[in-house]
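Comments concern the structure below.
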Amino acid sequence: MDYLLLILSIFAIGTFITQVESANKPSAKCKTLTLCKKNKGSCTSSKKCNGILESKKGYCTSGCKCCIPAPKCSPTCKNGICVNENTCKCNNGWQGKICDTAICNPPCTKHGACIAPNTCQCDKGYKGNHCQEAICDTPCTSHGKCTAPNTCSCEKGYEGNLCQQ
């Protein structure tokens, strides 16, 4: 009796292992065709795929999709997607190897830094879309122009810190 129980247990374990192994393999009816292999993929009838599921004609046999593994980028892409091994495709407004450098067009002046697409962060004492305007806490008179933080440049014939004389 114990011998029969042992044989049945071994059979049950073997059946379970076979079912688990076959669940992790592509379906037997799914044959990988040249285009799928070329893209390092394998054909499956399952919806499980850590990457891209392609159902284009010629990729796999009927009823199956080609699972193309997702490429890996290290370091990861910041503002874009990984399109090939260690190759990022940047979103609009970003550039650089990992898409971590914002693009400002027109660029920020030397008084600011581009921190996001078309967004300048101005140094203290400057304002404007491109940090092009100096700030004078007390405005210059009509005879002067604010050219640096709290600095007025006066018209000919005028003087004083606000061009008031």
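Placed from the backbone N, Cα and C atoms, the Cβ positions cover glycine too.
Remember, TrEMBL labels are computer predictions, not curated facts.
According to TrEMBL, the feature signal peptide maps to 1-22.
Nonlocal intrachain contacts for the domain 'EGF-like' (100-132), taken as residues 6+ away from its ends with a CB within less than 8 angstroms of a stretch CB, comprise 78-79, 92-94, 148-150. Summarising the annotation, TrEMBL assigns domain 'EGF-like' to 100-132.
Per TrEMBL, the feature disulfide bond maps to CYS104-CYS114 (among others).
Under a cutoff of 8 A between CB atoms, and with a sequence separation of 6+ in the same chain, the neighbours of CYS122 (disulfide bond) are CYS108, HIS111, GLY112, GLY128, CYS131. Per TrEMBL, disulfide bond is recorded for CYS122-CYS131 (among others).
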Message = Counting across all protein chains present, how many other Cβ atoms fall within 10 Å of the Cβ of CYS131 (disulfide bond)?
response = 21
Around the Cβ of CYS104 (disulfide bond), the count of other Cβ atoms that are within 10 Å = 19
